[in-house]
Structure formats: C-alpha cells, structure tokens
Amino acid sequence: MSDYIVVKCGGSMLNQLNAVFFDCIKKLQQKYKVVIIHGGGPEIDAKLKDCNINVEKRDGLRVTPKEVMDVVQMVLCGSTNKKLVMNLQKHNLLAVGCSGCDGNLLQVQPVSEEIGYVGEVSYVETALLKGLINMGYIPVIAPIGVNGNEIYNINADNAAAGIAAALGAKELIFITDVDGILHEGNLVKETDESEIATFIETGVITGGMIPKVQAALASLKMGVQKISIVNGTKDFTEVTGECIGTTVTKGVSIA
C-alpha cells in the first residue's frame, strides 16, 4: 500500500480552514506523505469582476481565454497559494508552494478550443513531489499546467485525481463543509460508484453534494483506489489516521 495521501481543498473552503484542519494534516503527516492541491474559484471570480472580465463556465469548467488565464495564474499561483502555505507554516507545518508549470510538474492535454486554455492532466512529474516530501516539506500545488510553451488552467479536482493516480496514493481526500454523504440524516461511511448512481437517481444525493461525488467518481476512473469526502471544519481523522467521512471505492463497475 502506498504511503501517499493527496488532499484537495476547494477555493470556497480556504477561508473556512481552522486550527482543527491543520491538526488533522499534522496527524496525517505522522503516518503518510502528504500533498495538498487547492482551488481558488471565488477569488478568481472576484478578481475577474474587478477587471471587468466576464465569468463564464461550461459543464463545470471555466471558459479561459488568454485574458482570463492571466488572472487565473495570478490568483492561483500568487495570493491563494501563498496564503495556504503561510497558514500551514503558522501551524508548524513546513510547506512549499508551487504550480503545475514549475518543473513541468503537471503536463496537460487541452480540453477543447471552445473553452480556451483549459487542460486535463496527462502526465505528472512525480519526482519533484517526492523530492520535496523527502526534504520534509508538504507540496502545496496550484492547479495550472503546461502543454508545450503554453500555460493551462486545470480543474482542481482533475489535478488532484491526476496527482493521486500518478503517486499511487493510498487515498484522495476531498475537503468540504459537510460531513460526507447523508442518508436519512445518517452518515454513509462507505459507498461505491454503483450505489452513488442509485443515490443520485433516488434523490438521496442532491444539490452541492452532486458535483462532489461526481468528482470522486471521475477520480476512480483515473485510477485512484479510494476517495474520502470529509468535513474540513471538524476533526476528520481517527487516532489510526483513517478518515471520518464518506469513503468511496470502485466496487462493481457500472455497465
């Protein structure tokens, strides 16, 4: 079993992280090698508004022409990344912030010309991550990548799944503001892609949880073996280092 854990923290969660979250990262780091990937959607939207640039999304992906890509890069690689790095270090967790273009860490395949500079992970330079971890640092990755000489925006879920799959990670943890999937008010501790399809069809999973489980299912298809959906505002780690939340595994494939 791999000793890597990949943690994905969406942009909407970054301002909600408290001391409990950083304590959980400490506990994980005692047993595993931790990599963190973050988003930055709300900050990007705010900066685009300041610049009088239209915000447009298609099928959950940000339409990213050149002028939008410049803002995305500035926000993700600048203030958002460094704020998270500084918060980690404030809690005595040594971290190094970098983006997917540093050292060609995340190489991408463009999604389509219609949505501009948006790519999906095609290759991860894992040696860079392993080197930072072996020196005692937590890599904190901004989800942009490269294709040739061009820089591309990457959906943070796709970046996290690509990194987790490339590292053969034990687990990919999605940090959210809910405890996991709830069924009749009770936490669903374990589920698989077949049961999730049923949950969506019967209305057990609704609203904001749908994109979270869709991201988990996409991660399974990329080769990640185990995904946990946890509440980042609460203690989400057991004494054993296992996560408290909903664990999603592949189970029986959907026909």
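Using the three backbone atoms N, Cα and C, a Cβ is placed for every residue, glycine included.
Here is what Swiss-Prot records for this protein:
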{"type": "SITE", "residues": "LYS8", "note": "site 'Transition state stabilizer'"}
{"type": "BINDING", "residues": "GLY40, GLY41, ARG62, ASN153", "note": "substrate binding site"}
{"type": "SITE", "residues": "LYS212", "note": "site 'Transition state stabilizer'"}
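The structure, with features from Swiss-Prot marked on it.
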{"residue": "LYS8", "record": "site 'Transition state stabilizer'", "contacts (Cβ under 8 Å, 6+ apart)": "ILE36, ILE37, HIS38, GLY39, ALA156, ASP157, ALA159, ALA160, LEU172, ILE173, PHE174, ILE175"}
{"residue": "GLY40", "record": "substrate binding site", "contacts (Cβ under 8 Å, 6+ apart)": "GLY11, LEU14, VAL72, VAL75, LEU76, THR80, ALA142, ALA156"}
{"residue": "GLY41", "record": "substrate binding site", "contacts (Cβ under 8 Å, 6+ apart)": "GLY10, GLY11, SER12, ARG62"}
{"residue": "ASN153", "record": "substrate binding site", "contacts (Cβ under 8 Å, 6+ apart)": "ARG62, THR64, VAL68, MET69, VAL72, TYR117, VAL118, GLY119, PRO143, ILE144"}
{"residue": "LYS212", "record": "site 'Transition state stabilizer'", "contacts (Cβ under 8 Å, 6+ apart)": "PHE174, THR176, ILE229"}
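In the three-state DSSP scheme, LYS8 (site 'Transition state stabilizer') is classed as strand. The maximum pairwise C-alpha distance among GLY40, GLY41, ARG62, ASN153, the residues recorded as binding substrate, is 12 Å.
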